[in-house]
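J.: Taken from Swiss-Prot, the feature ATP binding site applies to Thr29, Leu30, Gly31, Pro32, Asp86, Gly87, Thr88, Thr89, Thr90, Gly413, Asn476, Ala477, Ala478, Asp492, supported by sequence analysis.
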Amino acid sequence: MSKEIKFSSDARSAMVRGVDILADTVKVTLGPKGRNVVLEKSFGSPLITNDGVTIAKEIELEDHFENMGAKLVSEVASKTNDIAGDGTTTATVLTQAIVREGIKNVTAGANPIGIRRGIETAVAAAVEALKNNAIPVANKEAIAQVAAVSSRSEKVGEYISEAMEKVGKDGVITIEESRGMETELEVVEGMQFDRGYLSQYMVTDSEKMVADLENPYILITDKKISNIQEILPLLESILQSNRPLLIIADDVDGEALPTLVLNKIRGTFNVVAVKAPGFGDRRKAMLEDIAILTGGTVITEDLGLELKDATIEALGQAARVTVDKDSTVIVEGAGNPEAISHRVAVIKSQIETTTSEFDREKLQERLAKLSGGVAVIKVGAATETELKEMKLRIEDALNATRAAVEEGIVAGGGTALANVIPAVATLELTGDEVTGRNIVLRALEEPVRQIAHNAGFEGSIVIDRLKNAELGIGFNAATGEWVNMIDQGIIDPVKVSRSALQNAASVASLILTTEAVVANKPEPVAPAPAMDPSMMGGMM
């Protein structure tokens, strides 16, 4: 395929047009009075959303050069979403502002490399000032405030703060669709995995069809148990202790399963068998997690261990285990807290180094199960369109809340970015680096201007007053009042503001220093074949 190439100002101008088209579409959603954008879907009803990254991903422009500019801004939104989970619209607005001011100066003859150095220095100073202004998020009320601001719903804020209180900041909080109209929270404490009992005759409550084991021993193995003789010595030892047993194995079949069921029915001892969770290497890792959580050992050939040689010392223990037909929950495992903490640290490091989104998701699930539990927010709505929009808002709120707990909070509504202007303005730079610094100074005002504009106010008047206000005092665009943003619960996580600014500056600098753009030349549309005269028959 032949290529089309544009150079210097032509190349940059085409990309900037794409940046503006995407940013102008996304920025109308910013702030409490932000509007929605309707996205056409190939199948089903249109999606109505105010989620910046969702909108950015949908935009595809016909002109290849403009499309590259749009895609670079979309990358800013995606990267910010990956790191902080929110702030995608702010990142888009900042990118457009830096590119717009930068292009003016490059066109006027400024050195793009000098501008880039100035931008990088200014952003580093702004980030440092943001961190210095941060307030730690320590209590349930503060968490609820962050979630409520992001989701625009106090009820959602309460659900998320309650979920984080129950399962901890590393716990898994999943968002599912409810069968009803109401949104509700469901919390499963302890480690849960998706494997149920192998026989319904193992239940202890025939009405609820669940097996409850109090203070059980837990046999953990990646082997298949077919011959009861393999575990007979172990069963005899457990029988003397008069405690129930949970067997987690690759499978239990052959004569072993009916023998266990028969002894359960006769009341000889209480036993429940389940299949090991996961597959392949992930199964081995999950079994090791369970062993560390319960203080047991995985009986596996990898360690040279055989079932017939297993003793009670190799078994895990827990305060309670509940098993139904689909899942198993282990509560209060008896594992060594230091060993659990070390395992958590290992999984965290794997999350940071993995490049696979699927692997990262599975590692986060394992981390949460070791850390304390799983919370499920079941989203209810009247229509499918409303349900999709609500799920996106709750996902944003959850991500923003995690970010707030991690790095603290600052005043919201774009106020925090405006508050760091003095720290950037005092930087002593020379040459075109000064121009780069001034570009960042102007960009830091842009989120406040856009939020005010979307709410029907004049942005320049708001920013002028904000520059002279005390730290933390800002403009509440929802009411049109000047308030203490922190006291009013109008807050942003530092991680969100920081990531938005850093990612915006990074991509904007790349666009400013671009000197040539190579794109695929559009394929000419082939003319329709001429009609065969013989096919025209009596038409002549």
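Please read every residue number as a count from 1 along the shown chain.
Just so you know, glycine gets a Cβ as well, placed from its N, Cα and C.
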J.: Starting from the Cβ of Thr90 (ATP binding site), draw a 10 Å sphere and report how many other Cβ atoms land inside it.
T.: 28
J.: Among the binding-site residues Thr29, Thr88, Asn476, which residue has the largest number of other Cβ atoms within 10 Å of its own Cβ?
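T.: Of Thr29, Thr88, Asn476, the one with the most crowded Cβ is Thr88.
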J.: Would you find the one among the binding-site residues Gly31, Asp86, Ala478 whose Cβ has the most company, meaning other Cβ atoms within 10 Å?
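T.: Its Cβ has the most other Cβ atoms within 10 Å: Asp86.
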